[in-house]
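In what follows, a structure is listed as structure tokens, so that the remarks can point back to it.
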Amino acid sequence: MVCEALSLTIPFFTNLASKDAKLATNRYNLCRSTPRIQCSSSSAEGPVTADKLENDYALTGSAYDFERGTISITRESLSSPKKVILVRHGLSTWNEEGRVQGSSNLSVLTEAGVKQAERCRHALANMHFDQCFSSPISRAKTTAEVLWQGREEPLVFLDSLKEAHLFFLEGMKNVDAKVIHPKEYITWREDPANFYVNGVYPLRRLWATARDAWREILFTPGESFLVVTHKSIVRALICTALGLPPERFRSIDVNNGGISTFVFNKRGEAMLKSLNMTAHMYSDHVYLS
């Protein structure tokens, strides 16, 4: 049964003559009653299914279905609604050293990064996932292996989840890159959508890659997926799902081990349910859904 409470307005009387106040009070007492509960479905109709909710917009003010509330990332119908959990990899050696990572495979998880991955696994232990997708780059791959430990399905590695390729900046310490390549480095930090090398715009290319990743993930059989990847591609996944352009890239931040949640309706329209959750990094917090 799906129910919604109807609001009850309680009048507040001030500055009334005693006779008027008494009359108003009597009228109020006549109207006063236990707040009513309005139910849309009875138990005789069976359980409320996703299909039933999808056809009953009034129940949630369109929050469940959000028809045309955003754009379809797939532009094709999905077999069912989907839930996707995005996780950024744990702390890496180049994170710790303040180096530009990009698509390099030379940066690996630190001991602290492995512990962060273990915290993520504990935090998501009560959730069912049909599949786990990961970037094949070492720091994300290792995080995914820790997270997926004990699960039956094999990990799926997608090239579309690789981090942005940043050319000659990769491997450089940020302080050095700012001095040696000031124009390119500052553009990458302050105007990343217009950062380019040899006619290639890495961030714009990443937007296209993110859309490819979404299609690969969302057209996979199943309804609940775990995705482990990198900061820039996570930002691109979030932005493309919400219809935001590359210029909004730095409007979103994601910590190492940060968890974000999306749900998609059958039209492939996204709703961001949570962004960069990190309670599990500082406690034994477990997410239930």
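Using N, Cα and C of the backbone, Cβ positions are placed for all residues, glycine too.
Just so you know, TrEMBL annotations never went through curation; they're auto-generated.
Under the heading active site, proton donor/acceptor, TrEMBL lists H89 (among others). If you take the C-beta of H89 (active site, proton donor/acceptor) and look for same-chain residues 6 or more apart in sequence within under 8 angstroms, you find L109, G113, A117, S135, R139, A140, T142, T143, V228, T229, H230, N256, G257.
Long-range neighbours of E163 (active site, proton donor/acceptor) (same chain, six or more residues apart, CB within less than 8 Å of its CB): Q101, G102, S103, S135, I137, A140, T229, H230, K231, S232, I233. According to TrEMBL, the feature active site, proton donor/acceptor maps to E163 (among others).
Long-range Cβ contacts of G90 (substrate binding site) within its own chain (separation 6+, distance under 8 Å): L109, T110, A112, G113, V114, K115, Q116, A117, C120, R139, T142, T143, V146, N256, G257. The feature substrate binding site is assigned by TrEMBL to R88, H89, G90, L91, S92, T93, W94, N95, R139.
Over all protein chains present, the Cβ of S92 (substrate binding site) has 25 other Cβ atoms lying within 10 Å. One residue stands out among the binding-site residues R88, R139 for having the most other Cβ atoms within 10 Å of its Cβ: R139. Note: the substrate site is recorded as R88, H89, G90, L91, S92, T93, W94, N95, R139; in the same chain, E96, Q101, S107, V108, L109, T110, G113, T143, N256 also have Cβ atoms within 8 Å of that site's Cβ centroid. Here substrate is bound by R88, H89, G90, L91, S92, T93, W94, N95, R139 per the record. The longest Cα to Cα distance in that group is 15 Å. Around W94 (substrate binding site), a 10 Å sphere centred on its CB holds 21 further CB atoms from the protein chains shown.
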